[in-house]
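Here's the structure we're looking at; comments come further down.
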Amino acid sequence: MTQPDPTQPDPTQPDLGQQQDRVDPYDGLVLLSFGGPEQASDVMPFLRNVTAGRGIPDERLEAVAQHYYLLGGRSPVNEHGRELVSALVDELGRRELNLPVYFGNRNWDPFLVDALREAHDAGARRLVVVTTSAYSSYSSCRQYREDIAGAIAALGDEGRTLQVDRVRGYYNHPGFARTVTRLVTEALRELPVEGTRIVFVTHSIPDAMDETSGPGDGEGRLYQREHLDLAVAVTEEVNATLSTSYAFDLTYCSRSGPPHQPWLEPDINDHLEVLAGQGVERVVCVPFGFVSDHMEVIYDLDHEAQETATRLGVELVRVPTVGVDPEFVSGLVDLVEERAAQARDTLPTRPAWPGSPLWSVCPAGCCPNLRAARPAACGSD
Ligand SMILES: CC1=C(CCC(=O)O)c2cc3nc(cc4[nH]c(cc5[nH]c(cc1n2)c(C)c5CCC(=O)O)c(CCC(=O)O)c4C)C(CCC(=O)O)=C3C
Ligand SMILES: [Fe+2]
């Protein structure tokens, strides 16, 4: 037996130094989520944070407050964030990547600024952010970047300096897109083919916000196009796997602006009426605009749309969101490694399906804030 040479790497052992390089130059990962109330007394202050200056009618706020009160004033979204943090910690550990994970929200405690301060106090100076929002638009992308810039500025006032990058929009990263595909396939396997329709659902946004979503190349409507491209790809893949020819529709939920302001349509409830009229018996509802079963999913879909479907005699089967599915979580860590490689000026492979990968540094002026110009981090403007 030869003794191992302690000056040489042991090929049977993972090379920690090597693994560590894969997340260089980052000292920490921040999961940035929307945030939600934890108790009844949080509900109104939370809603005021979300809608500050956004022209949402009082009646809508009161109605939404009631949705939260029905659940005791507690949204499941913060718990989902903590579960995702712990799944990310596990996946990083499995890859022997030593990267602490922090959790911060845009609209409720734990706030992003506190997460970044905690990271800074632990010695971190350069962080990478993963958001719980996969698509492009002001609401789902730039608003997160504005809040990152705001938190960095607030810490700057405290004498704390931080550099923050963000992973690219991931609606078409295989970790997300393939997980959605598998969840839809599994749901359909259990159901009769005849009379079944696939109905994708995402958050409605104002028409004007959709029209201006994207890099400002004149095309616009990137929010809608991303959803449509993914819906087409998922449906084709499902049909290929199951040897079926399901049709699909793209619908919207959770509209909240004043009635005269156009938002993306059709609303899922209105569309269920149309489908019932066409003789559709069963709808497989895919909430692919969201990454967890939070309020929009459990109230607007599982309660409201389910009630509409029952009234119409349509069976509504709701597919789970990606949540902490291992393939999704692993994809997020792939995205962190990809972003780190870019930050080191190397050229990582950038898998995308369908279409091509989104930018990691947002182009100047993309997905603009139509109300006020505010500084945004992680972009070239
Ligand atoms: C695109 C999009 C996503 C998906 C991407 C992402 O995840 O970011 C999303 C997610 C979420 N939206 C959420 C909650 C709310 N959104 C509101 C209002 C609005 N959302 C908008 C868009 C989106 N929202 C818009 C254009 C408004 C109008 C006001 C404005 O222009 O900003 C309001 C105000 C009341 C109302 O009108 O509904 C609430 C309470 C929660 C938390 C759920 C929980 O607590 O479990 C989550 C995850
Ligand atoms: Fe929302």
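Here the Cβ of each residue, glycine as well, is placed from N, Cα and C on the backbone.
Here TrEMBL flags SER75, TYR144 as Fe-coproporphyrin III binding site. The Fe(2+) binding site feature in TrEMBL is assigned to HIS203, GLU296. The annotation compositional bias 'Pro residues' is assigned in TrEMBL to 1-12. Residues annotated as region 'Disordered' in TrEMBL: 1-22.
Annotated features taken from TrEMBL, shown on the structure.
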residue : record                             : DSSP (3 states)
SER75   : Fe-coproporphyrin III binding site : coil
TYR144  : Fe-coproporphyrin III binding site : helix
HIS203  : Fe(2+) binding site                : strand
GLU296  : Fe(2+) binding site                : helix
*Only counting partners 6 or more residues apart, tell me which same-chain residues put their Cβ under 8 Å from the Cβ of SER75 (Fe-coproporphyrin III binding site).*
GLY36, PRO37, GLU38, TYR68, HIS294, MET295
*Output, ordered by sequence, the same-chain residues six or more apart from GLU296 (Fe(2+) binding site) with a CB under 8 Å from its CB, or 'none'.*
HIS203, CYS253, SER254, PRO287, PHE290
*Taking the Cβ of TYR144 (Fe-coproporphyrin III binding site) as the centre, count every other Cβ atom within 10 Å, in any protein chain shown.*
24
